[in-house]
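What follows is a set of notes on a single structure, which appears directly below.
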Amino acid sequence: MSVEDGGAPGLGRPRQARWTLMLLLSTAMYGAHAPLLALCHVDGQVPFRPSSAVLLTELTKLLLCAFSLLMGWQSWPRGAPPWRQAAPFALSALLYGANNNLVIYLQRYMDPSTYQVLSNLKIGSTALFYCLCLRHRLSARQGLALLLLMAAGACYAAGGLQDPGNTLPGPPQAAAANPMPLHITPLGLLLLLLYCLISGLSSVYTELLLKRQRLPLALQNLFLYTFGVLLNLGLHASGGPGPGLLEGFSGWAALVVLSQALNGLLMSAVMKHGSSITRLFVVSCSLVVNAVLSAALLRLQLTAAFFLATLLIGLAVRLYYGSH
């Protein structure tokens, strides 16, 4: 059984159990990100610069990879260090950096609810690049499963959670802070399509690098996050005057950075030993964790749209990974 078909090739039960645990941890960390970020708010605003959080996350991932290699948890390749193989990871870092900044820029041309719904198109773009670049063919059953994932994400974004004191559609935080009408400009639609294409390409390109190079994952991550730190350091420095690097950080903010760093490392393992499609399912399943934590910590209400989205995700998992 292949990873894409729901398992891991040649793994016995103990290693299969570890693989399953890794997927569950990654799902939990993805789902916890938004609620943890909401707990960082002071007077309804994030008290630190977003670029600071991204830079510190990349730096944490880099330090964890270096620590792993120094401790011998992953063996260093024999012979001279393969520094030439680091160069392709610069493109990965550039694609991820472009995508992270596009997310912020897109908000100028559409409301948050429209962005949340339409951004699910990146599931389709990832599947497209997965088939074209890695030459994997998806069956009709698997294609239908991915369509259900897109529908589940759109359904959840359109109204899976609701603030008890707010009756406006869309994400509760966005609606409460700024009740803008649903809209998207032509330029916004073009940029959104570009965002979805870059998102799919960055995921599949990174998977291709991780699988083709015969290097330990920690070393590959070291290459990737070195470029990531340099890129985000430049973006942070060019952001103009603002709060300092650690200004406004709290214990919750530190937890956000640490969880995102650990999740990034888990995702790289998923893409090296699994696939970008596996990553899509992890992100989609994390919506359930996000909703439950939001309801418990932020006192938001689950709606019928949430339960419909959960049903669609369950059907998608069954279709894609179930026995044919």
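Cβ atoms here come from the backbone N, Cα and C positions, even for glycine.
If you look up TrEMBL, you'll see 20-42 (among others) marked as transmembrane segment. Cβ atoms under 8 Å from those of the transmembrane segment (20-42) belong to residues 48, 173, 248, 250, 252-253, 255-256, 259-260, 262-263, 266-267, 269-270, 278, 282-283, 285-290, 292-294, 297-298 of the same chain, restricted to positions at least 6 beyond its ends.
The feature transmembrane segment is assigned by TrEMBL to 54-74 (among others). Tertiary proximity for the transmembrane segment (54-74) is limited to same-chain residues at least six positions away from its ends with a CB under 8 Å from its CB atoms, namely 100, 216-219, 221-222, 225-226, 228-229, 232-233, 235-236, 245, 257-258, 260-262, 264-265.
Annotated transmembrane segment per TrEMBL: 86-106 (among others), in sequence order.
Marked as transmembrane segment by TrEMBL: 144-162 (among others).
Here TrEMBL flags 182-205 (among others) as transmembrane segment.
According to TrEMBL, the transmembrane segment annotation covers 217-237 (among others).
Positions annotated as transmembrane segment by TrEMBL: 249-268 (among others). Residues 22, 25-26, 29-30, 32-33, 36-37, 39-40, 47-48, 52-53, 56-57, 60-61, 64-65, 206, 210, 217, 220-221, 224, 279, 282 of the same chain sit 6 or more residues outside the transmembrane segment (249-268) yet have a Cβ under 8 Å from a Cβ within it.
The annotation transmembrane segment is assigned in TrEMBL to 280-298 (among others).
Residues annotated as transmembrane segment in TrEMBL: 304-321 (among others).
Counting Cβ pairs under 8 Å to the transmembrane segment (304-321), the top-ranked stretch among 144-162, 182-205, 217-237 is 144-162.
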